[in-house]
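Peer 1: Before anything else, here's the structure in question.
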Amino acid sequence: MHMMNELISVPVAAGTFAVSAGWIAVISRKLHKTLKNADYALMGVLGAFVFAAQMVNIQLPLMPGTSCHFVGAVMLAIIFGPHVGAIVLSSVVVVQCLIFQDGGILALGCNILNMAIIPGYTGYFLYRLIANDNPGRLRFYLAVIAACITGLMAGAAMVPLQAEISGVLSIPLSGFMLTMLGVHFLAGIVEGLMTAAVLAYLMEVRPAILMPQPENSRRAMSMRGVYISMALLTLIAGGLLSLAASDKPDGLEWSYAERPDNPDFEPVVKNDSKLIENVDRLHGEYAPMPDYTIRASSANETASGAWTSFAGVAGAFVTMLLVWLLAKLIRSDTKNIV
């Protein structure tokens, strides 16, 4: 659901960046005295996992012309709370944009808002409303899936609104909105199932990550074991599964730009801004690994799939490092909280 620059105007880009940056600044201040040193490692590992998982596009059920990928906003919010979740996923989005040209650089504020902030908070509060403090297994799964569907659709609904405010839509807002919500309803189901699977695994091996446990509870996997297992899943997703990812456009691209299942489809966005055109060109020239691969030395050369694996692993590592550095920065000047 990464927006490209063509979907927005420069004023909307500036406004959403200000909102996103302001929100991150506010919650960072809130976390200044409450973020625990013990959370740093798990934040970094799960940030890396989300980065790698987002590289694996899956063909969307019932819609063979499009695909979806994991977002992770609700998962991170349930594990850490929505504030930390937003920090971690914002780090993922920044790495994707600056290094891999995934999402427009002017649309960075939109992508943080639509992917990290709105889905995380919306999904988290719905999850808490349904699950309460100690849900049974069925209620837990239903809460997770409902939260993911709602959170993803809430974020998706922002895209047509931002495009409409920018004045770049060539069709009525209602048509684009209905398409986006329909596609992301299905994507939300996939997101919910994947989120439930990860949370169920963590609940099985280390229940205390998700909820306090009594002292006499059964022996759980050590945190080091959790880190190692999630790191292995990250390597598998970023290094191997990314090679088998669907090449179909994701839900956003399918909604406005291209539809392999409908060759006559015409893009519903028209943006003639020269500034955005120049920014796109510069972004493409200076992003180290655009589209998660190395630059081909000639127009007829195709980069090896090994570079995709490298991008998945390297991007996950950079994300983990960025999350850890941000956590240290947020907690600077305070005493250790265990």
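Any Cβ shown, glycine's included, is placed from N, Cα and C.
Look at TrEMBL and you will find 7-28, 40-58, 70-93, 105-127, 139-161, 181-203, 224-245, 306-327 tagged as transmembrane segment. According to TrEMBL, the domain 'PDGLE' annotation covers 225-331.
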Peer 1: Six or more residues out from either end of the transmembrane segment (306-327), which same-chain residues have a Cβ under 8 Å from its Cβ atoms?
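Peer 2: Apart from its flanks, the transmembrane segment (306-327) reaches 35, 39-41, 43-45, 47-52, 55, 87-88, 91-92, 94-96, 99-100, 234-235, 237-240, 242-243, 289, 292-294.
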Peer 1: Using DSSP, what's the helix, strand and coil tally for the domain 'PDGLE' (225-331)?
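Peer 2: Computed counts for the domain 'PDGLE' (225-331) are 67 helix, 2 strand, 38 coil.
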Peer 1: Using a Cβ distance cut-off of under 8 Å, indicate which of 7-28, 139-161, 181-203, 224-245 has the most pairs with the transmembrane segment (70-93).
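Peer 2: Ranking 7-28, 139-161, 181-203, 224-245 by Cβ pairs under 8 Å to the transmembrane segment (70-93) puts 181-203 first.
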Peer 1: Do we see three or more Cβ pairs under 8 Å linking the transmembrane segment (7-28) and the transmembrane segment (224-245), pairs being at least 6 apart in sequence?
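Peer 2: Per Cβ check, the transmembrane segment (7-28) does not touch the transmembrane segment (224-245).
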Peer 1: Would the transmembrane segment (40-58) count as touching the transmembrane segment (224-245), i.e. at least 3 C-beta pairs under 8 angstroms with sequence separation of 6+?
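Peer 2: By the criterion, they touch.
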Peer 1: Give the nonlocal contacts of the transmembrane segment (181-203) in its own chain as ranges (CB under 8 Å, at least six residues past its ends).
Peer 2: 1, 53, 58, 60-63, 66, 68, 70-72, 74-75, 78-79, 140-141, 144-153, 155-157, 209-210, 226, 251-252, 254-255
Peer 1: For the transmembrane segment (40-58), give me same-chain residues lying six or more residues beyond its boundaries with a C-beta closer than 8 angstroms to one of its C-beta atoms, as numbers and ranges.
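Peer 2: Residues packing against the transmembrane segment (40-58) from afar: 67-72, 75-76, 79-80, 84, 87-89, 91-92, 95-96, 190, 194, 209, 223, 226-227, 230-231, 233-235, 237-239, 241-242, 244-248, 250, 292, 308, 311-313, 315-317, 319-324, 327-328.
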